[in-house]
Amino acid sequence: MTSDLRVSLPGLELKNPIMPASGCFGFGQEYGRYYDLNLLGAFIIKAATKEPRLGNATPRVAETPSGMLNAIGLQNPGIEAIMAEKLPWLAERYPDLPIIANVAGNTEADYVAVCERISQAPNVHAIELNISCPNVAHGGLEFGTSPEAAATLTKACVAVSQVPVYVKLSPNVTDIRPIAKAVEAAGAAGFSLINTLVGMRIDPKTRQPILANQTGGLSGLAIKPVAIRLVHQVRSISNLPIIGMGGVATAGDALELMAAGANAIAVGTANFSEPFACPNIIKALPDELAKYDLHDFKTFAVNQEVL
């Protein structure tokens, strides 16, 4: 029997559940040299902010066991350049590829302006509201660690967006569930999780942090158990769709996160060590499903009641 990998989410009709995570795939121009991006279920583009950002000082990447730390600082060319150059480039070459726009900012007004503008792009099918970036001085975690602030921002962005808004939740909180409940009540169409965990590395020679920003976001295989736990927790209190991410490098990793409650999967750090990570996972999914006598994702979900 042929496997059916299709997944239907608000604003997104996916041929398969696999997509590159924001910040790990740029705007697709580099990876598009290596394979046809039409193979992907969707594509979460690099964060868009109101003004161009150069990002943090270097060094801003450090290796860790089974992962990496990054403190890029949301470097991007700004919303107007993205609207004028990046999104048209994708639309011309991949007209049927659903694009999810990651949106960030310093203030509520910044987020609202970018959401309103980028949701007008014909190939943007959904927004990923980035309220959980740990590597910027303002915005990000200021919104993502408070249920009230997260709800206020979500409501404002949903009000102006022409496409569904998925809220990217932070793992750097004591309890993720009140924040998930708050943004659901504020109108979120779904969640994406997890963002990176705050970490640090020290150079024993200098006794100083390796990253110029001192701290960075930990990603890669090391965070997979945390991602599984938090996806499972959010699924326990909500029926909204979840785009799960954190430590996914194989089809088995993807299914484990889907068993925890994710409906689709974003692949991040794995793209750096294996540029073909996403198509490799997509190709392996039918055989991985067949191990459990399954041929689609309709019955592949965590067995728990939503409270």
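Numbering starts at 1 and runs along the chain as displayed.
Backbone N, Cα and C atoms are what each Cβ position is placed from, and that goes for glycine too.
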Q) Of the candidates LYS46, LYS155, LYS181, which does Swiss-Prot annotate as part of the substrate site that also includes ASN70, ALA71, ILE72, GLY73, LEU74, ASN130, ASN195, THR196? A) LYS46
Q. Three states by DSSP: which one describes ILE194 (FMN binding site)?
A. coil
**Q.** binding-site residues clustered about CYS133 (active site, nucleophile) [Cα within 10 Å; pool: SER22, LYS46, GLY73, THR196, GLY246]
**A.** GLY73, THR196
Q) Non-local Cβ contacts of ILE194 (FMN binding site) (under 8 Å, 6 or more apart, same chain)? A) SER132, LEU169, SER170, PRO171, ILE223, VAL226, ALA227, LEU230, VAL231, MET245, GLY246
